[in-house]
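Undergrad: Positions annotated as active site by Swiss-Prot: Asp35, Asp134. Positions annotated as disulfide bond by Swiss-Prot, on the basis of similarity to another entry: Cys125-Cys129. The annotation domain 'Peptidase A1' is assigned in Swiss-Prot to 1-221 on the grounds of sequence analysis.
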Amino acid sequence: DSGSAIVALTNDRDTSYFGEIGIGTPPQKYTVIYDTGSSVLWVPSSKEQDFIEATDETDNVFLHRRFSFWLNRNVDEEEGGELVFGGLDPNHFRGDHTYVPVTYQYYWQFGIGDVLIGDKSTGFCAPGCQAFADSGTSLLSGPTAIVTQINHAIGANSEELNVKFGLTPEQYILKGEATQCISGFTAMDATLLGPLWILGDVFMRPYHTVFDYGNLLVGFAEAA
């Protein structure tokens, strides 16, 4: 089939999005996180089993070598999200996607510009930073210096935040217990590639995300 295939996703409290895969003949079903931040497939298995591993097989199942994510923020709705192999679902985005070239193929990594808090430049990424869109990360991770400023701004006045694409407080603050809210930003400095942002589910919920393997591009459009 050279068209596309749609996988329904389950939203687990806005922290993870799961879907089913089938392995073997007849297929045995497993529930997995479709993780764009990992090159490894992890599934439960029996110990000391005989198996044959195929590590470099290309089937060209789909005409377009791309896949796209839509993650639903509303945990009360039956439809938790959607992963489309080989195409896009126009029901889940508005307007055109903005595409950026992949700069490091081990991850879906790309360059980003300055980081703004409200309408003020932090200057932190003015010379340029790197980021990658990671469907397997719940939060939005970034360097400690700038994330500290962001979390301080959230606590002070909860202004609208912009990180190249705008995020509102409703999008980056997570629900905890009845009287508790959790910041969707977490600090991370361990990188050999310079300042790095991981744009996890907090970012991918408001922005429909396309991973174009054929052209080595990542695209974002407003989710619908």
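Note: Cβ is positioned from N, Cα and C throughout, glycine not excepted.
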Undergrad: For Cys129 (disulfide bond), write down the residues of its own chain that are at least 6 apart in sequence and whose Cβ falls under 8 Å from its Cβ; none is a fine answer.
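TA: In sequence order, Gly111, Ile112, Gly113, Val115, Pro143, Gly194, Pro195, Leu196, Trp197 meet the Cβ cut-off.
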Undergrad: Would you mind checking how many other C-beta atoms are within 10 angstroms of the C-beta on Asp35 (active site)?
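TA: The answer is 16 other Cβ atoms.
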Undergrad: DSSP secondary structure for Cys125 (disulfide bond), reduced to helix/strand/coil, please.
TA: coil
Undergrad: Taking all residues of the domain 'Peptidase A1' (1-221) together, what is their mean pLDDT?
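TA: Averaging the confidence scores along the domain 'Peptidase A1' (1-221) gives 82.
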Undergrad: Could you state the whole-number distance in Å separating the C-alpha atoms of Cys125 (disulfide bond) and Asp134 (active site)?
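TA: Given the Cα positions, Cys125 (disulfide bond) is 20 Å from Asp134 (active site).
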Undergrad: Around Cys125 (disulfide bond), how many other C-beta atoms are within 10 angstroms of its C-beta?
TA: 23
